[in-house]
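To start, the structure under review is shown below, and the notes come after it.
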Amino acid sequence: MAERRLLEGDESIREEEEEEEEGNGDGSRLKQLGYKQELSRSLSVISSFSVSFSVISVLTGITTLYNTGLEFGGPVTMIYGWPIAGAFTLMVGLAMSEICSAYPTSGGLYFWSAKLCGDRWGPFASWITGWFNIVGQWAVTTSVDFSLAQLLQVIILLSTGGNNGGGYLASKYLVIGFHGAILLIHAIINSLPITWISLFGQLAATWNVIGVFVLMILVPTVATERSSAKFVFTHFNTDNDAGIHSRLYIFVLGLLMSQYTLTGYDASANMTEETKNADKNGPKGIISSIGISIIVGWGYLLGITFAATNIPYLLSSDNDAGGYAIAEVFYLAFKSRYGNGIGGIICLGIVAVAIFFCGMSSVTSNSRTVYAFSRDGAMPLSSFWHKVNNQEVPINAVWLSAFISFCMALTSLGSLVAFQAMVSIATIGLYIAYALPIFFRVTLARKSFVPGPFNLGRYSLLVGRVAVLWVATITVLFSLPVAYPITGDTLNYTPVLVGGLLLLTVASWLLSARHWFRGPTANINA
């Protein structure tokens with residue numbers, strides 16, 4: 001039969017793999033896992049790192065949610081919360097990297113869950129993990145590209161005189177138009193051969209690193225007023241409009257900025273069928289992208305926060321940037337020294353390019369997950385979505401990802417509260433997908449798991465348990481109310497949306513998928 005289960009003995013697979021020559025290792029390992037090589041395998045370890053680093057994009061996450069960090073705790077939450085979230089994120093990344101090394105396929109998370117759970121629970125685990133992963137990735141692309149559209153709105157506002165100078169504020173319909181145009185460009189770029197995407201990815205990584213260092217040095221240097229070191233390292237902001245006064249509660253809510261930023265590093269796993277020496281370079285891409293993001297992100301936070309002197313004004317909708325805190329920091333820094341904020345607008349342009357690259361790499365990662373999940377028959381019209389073109393690009397999956405992300409953003413026209421709740425899946429939903437295979441690794445596959453070239457040795461179970469506990473913790477914390485009193489406009493809809501996604505995936509399994517979905521299936525003879 002063309003399809004057969006992929007639950008072979010890992011011991012024999014490893015022995016066979018070691019007998020293969022170095023040059024044939026990737027193709028041989030993929031064949032042993034049940035798949036034929038359909039995508040072009042030309043990415044280096046630098047390319048693998050670049051994709052994940054561009055999706056994480058500290059310029060994107062920190063800039064987008066700096067308001068959240070500033071309002072909930074301010075400097076203390078951001079400066080100390082970032083390394084805390086970073087350390088636990090690195091635990092998650094290490095645990096994922098070990099599994100990635102054992103199973104280097106584009107299916108990534110859902111494939112790992114199937115292999116780690118065995119015959120009985122593998123298909124169900126694969127189904128749940130796969131849908132949480134795909135929907136989470138679509139939500140990431142939606143939020144990233146929509147944040148770029150909103151930043152363009154602010155740039156236009158400041159360029160035409162600012163909120164207090166008669167500047168033009170683009171309507172929500174024009175913002176959606178920006179969002180659609182950005183996604184269209186991303187889909188076109190991702191339709192190019194993988195060698196071009198690799199070049200764009202490396203350019204994106206370079207832009208992010210250089211951009212961080214330019215902004216963290218330039219903005220506080222230009223500003224005529226700077227915060228003291230005492231303010232940056234000790235000031236805890238308890239003034240907020242959310243009716244929350246508990247310092248611990250405020251600190252927890254402020255962590256969202258850091259944790260939202262540090263997502264998307266599974267991109268290196270999703271690109272393993274296009275990566276040379278994937279069982280080594282895939283894990284390297286995951287770990288290096290997290291580690292470097294932690295370092296440069298903390299530097300960016302420090303530099304910008306030294307230039308942030310008046311928190312209430314930066315958060316006020318009456319400032320020139322309409323309440324967009326980082327934009328106001330940049331604008332004021334240059335205006336205070338040179339009499340105009342043109343330099344600040346140019347700095348926002350640097351951030352805008354970084355966000356553009358982030359969205360581009362996010363679509364790349366999305367499409368590979370859709371391609372793999374469709375290859376295993378899990379999606380409606382699977383045979384259509386997993387097709388590749390003559391350049392070995394999953395072209396249909398690329399355009400599907402862009403289209404779904406555009407549709408998800410349309411909710412913003414009705415209610416920003418609904419939109420923000422939906423994109424919350426970008427953090428919680430995606431991290432649940434990260435945690436599931438790690439959980440299966442430290443429980444069901446505790447004794448049977450056979451690691452690849454990259455492994456954590458005797459620390460494997462400890463790191464995995466810490467990773468699962470951290471994801472469980474942030475899932476609860478980020479589901480707490482974010483404002484009091486609780487009303488329809490202040491309710492945190494995150495648990496509703498994540499719970500709804502879980503209900504839909506379980507219901508679809510019980511009513512239909514359990515009768516036909518068998519988890520990852522071989523296509524070598526197809």
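Glycine is no exception: its Cβ is also placed from the backbone N, Cα and C atoms.
Quick look at what TrEMBL lists:
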COMPBIAS  1-12  compositional bias 'Basic and acidic residues'
COMPBIAS  13-24  compositional bias 'Acidic residues'
REGION    1-28  region 'Disordered'
TRANSMEM  43-66  transmembrane segment
TRANSMEM  78-100  transmembrane segment
TRANSMEM  121-140  transmembrane segment
TRANSMEM  173-192  transmembrane segment
TRANSMEM  204-224  transmembrane segment
TRANSMEM  244-265  transmembrane segment
TRANSMEM  286-308  transmembrane segment
TRANSMEM  338-358  transmembrane segment
TRANSMEM  393-411  transmembrane segment
TRANSMEM  417-440  transmembrane segment
TRANSMEM  461-484  transmembrane segment
TRANSMEM  490-511  transmembrane segment
Inset, instruction - For the transmembrane segment (43-66) and the transmembrane segment (244-265), decide whether they are in contact, meaning at least 3 CB pairs lie under 8 A, counting pairs 6 or more apart in sequence. - result: yes
Legend entry - Beyond the flanks of the transmembrane segment (121-140) by at least 6 residues, Cβ under 8 Å: 7, 55, 107-115, 263-264, 266, 362, 365-366, 369-370, 373, 376, 378, 401, 404-405, 408, 422-426, 429-433, 436-437, 440, 444, 501-502, 505-506, 509, 513-514, 517-520
Legend entry - Long-range environment of the transmembrane segment (78-100) - Cβ separation under 8 angstroms, sequence gap at least 6: 66, 69-70, 108, 112, 116, 232-233, 251, 254-255, 257-259, 262, 265-266, 268-269, 272, 279, 282-284, 286-287, 290-291, 293-294, 297-298, 301-302, 305, 431, 434-435, 437-438, 441, 451-452, 454-456, 460, 463-464, 466-467, 470-471
Inset, instruction - Quickly jot the same-chain residues contacting the transmembrane segment (338-358) by Cβ under 8 Å, restricted to those at least six beyond its ends, or write none. - result: 54-57, 59-60, 63-64, 144, 147-148, 151-152, 154-155, 158-159, 162, 182, 200-201, 203-204, 207-208, 211, 214-215, 218-219, 222, 320, 326-327, 329-332
Inset, instruction - Between the transmembrane segment (393-411) and the stretches 244-265, 286-308, 417-440, 461-484, 490-511, work out which stretch tops the count of Cβ pairs under 8 Å. - result: 417-440
Legend entry - Intrachain neighbours beyond the transmembrane segment (286-308), with Cβ under 8 angstroms and 6 or more residues off its ends: 49, 52-53, 56, 58-59, 61-62, 66, 70, 75, 78-79, 82-83, 86-87, 89-90, 93-94, 96-97, 100, 208-209, 212-213, 215-217, 219-220, 223, 226-227, 232, 261-262, 265-266, 268-269, 314, 325-326, 329, 333
Inset, instruction - Kindly say whether the transmembrane segment (490-511) and the transmembrane segment (244-265) touch, using the definition of 3 or more Cβ pairs under 8 Å where each pair is 6 or more positions apart. - result: no
Legend entry - Any contact, the transmembrane segment (244-265) to the transmembrane segment (417-440), with at least 3 Cβ pairs under 8 A: yes
